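Quick one: this structure, given as structure tokens, is what I'll be asking you about.
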Amino acid sequence: MLNPNLFNIPKIIIALDFCNKKSAMKIVNLLNPSIYYLKIGKEMFTVLGCQFIKELHQLGFNIFLDLKFHDIPNTVFNATKAAADLGIWMLSVHASGGKKMLVSAKKALKSFKTAPLLIAITALTSLKEEELKEIGIQMSLKEYILTLSKLSNDCGLDGIVCPGKEAKKIKSLFGDKCKIVTPGIRVAEDALYDQNNIITPKEAKKYKIDYIVIGRSITMSKDPIKKLELIIKSMQ
Ligand code: C5P
């Protein structure tokens, strides 16, 4: 199995979006925890809770807990603290929760020796330009992403989640300290599913993205390891 850490390419986070443990473990058991990160989102967390995170930690995996917190500052402060207590590696909040909420999340991590990376969601990669207008936002998707990236960066967050096509601009504005996490990764033969702002792994490398999140491209594949190798080779 190719080791992507040997090349200067984006690190790979596998999105475990399953409705039961058995299906998730089929993928987990194929992966080397020193190479791949795992992302637990709303579906898996709702089904399996903290216990599953503990089990994955015991197997040696670093976990991105992608619960996309979006609430009043006090609630986000307490939820962020509780998440960090689990010993996770990365955590997401919605940048659209506003400055006070973002600062509260950051503050909640102050007392941790090794705090998780705090990452803000700018726009969901499923969002279309016209859908922004429906929720009352009168700027382009690009402007919206840049506005929220600036806010997150000003609030001291460690990075942002954004569609791949915006990554280059964000890196040039905020430098390498701002980690970029990009979902919506697809290779030519993949189905789009509900994603709209997609890029290929090769483009992710070109745009200097730090972490790519890959879900269905791998998890729905008949041969996930072969598919991973193909993705890694395409980035070399
Ligand atoms: O299956 P697919 O590769 O499309 O999965 C993408 C993953 O990234 C999902 O788990 C989804 O929740 C997550 N995500 C996203 N767009 C964001 C943030 C997270 O698609 N802006």
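Note that Cβ sites are derived from N, Cα and C of the backbone, with glycine treated the same way.
What TrEMBL records for this protein is below:
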DOMAIN    11-231  domain 'Orotidine 5'-phosphate decarboxylase'
BINDING   D17, K39, 66-75, T125, R186, Q195, 215-216  substrate binding site
ACT_SITE  D66  active site, for OMPdecase activity
ACT_SITE  K68  active site, proton donor
ACT_SITE  K68  active site, for OMPdecase activity
ACT_SITE  D71  active site, for OMPdecase activity
Average pLDDT across the domain 'Orotidine 5'-phosphate decarboxylase' (11-231)?
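That stretch averages a pLDDT of 96.
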Considering only the recorded positions D17, K68, H70, which possess a Cβ situated under 6 angstroms from at least one atom of ligand 1?
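List returned for ligand 1: D17.
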Measure the Cβ-based neighbour count of D66 (active site, for OMPdecase activity), defined as the other Cβ atoms within 10 Å of its Cβ.
25
Far apart in sequence but close in space: which same-chain residues, 6 or more away, have a Cβ under 8 Å from D17 (substrate binding site)?
G41, E43, M44, G215, R216, T219
Run through the Cβ atoms and count how many others sit within 10 Å of the one on L67 (substrate binding site).
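Within a 10 Å radius of the Cβ of L67 (substrate binding site) lie 17 other Cβ atoms.
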Let me know the DSSP-derived helix, strand or coil state of D71 (active site, for OMPdecase activity), please.
coil
Does P73 (substrate binding site) have same-chain partners at least 6 apart in sequence with Cβ under 8 Å from its own Cβ, and which are they?
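Set apart from P73 (substrate binding site) by at least 6 residues yet with Cβ under 8 Å, we have K100, M101, V103, S104.
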Relative to the Cβ position of G215 (substrate binding site), how many further Cβ atoms are located within 10 Å?
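For G215 (substrate binding site), the 10 Å Cβ neighbour count is 20.
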Measure the Cβ-based neighbour count of K68 (active site, proton donor), defined as the other Cβ atoms within 10 Å of its Cβ.
17
Would you mind pulling the DSSP three-state label for G215 (substrate binding site)?
coil
By a simple count, how many Cβ atoms lie within 10 Å of the Cβ of D71 (active site, for OMPdecase activity), its own Cβ left out?
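D71 (active site, for OMPdecase activity): 15 neighbouring Cβ atoms within 10 Å.
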Within 10 Å of the Cβ of H70 (substrate binding site), how many other Cβ atoms can be counted across all chains shown?
16
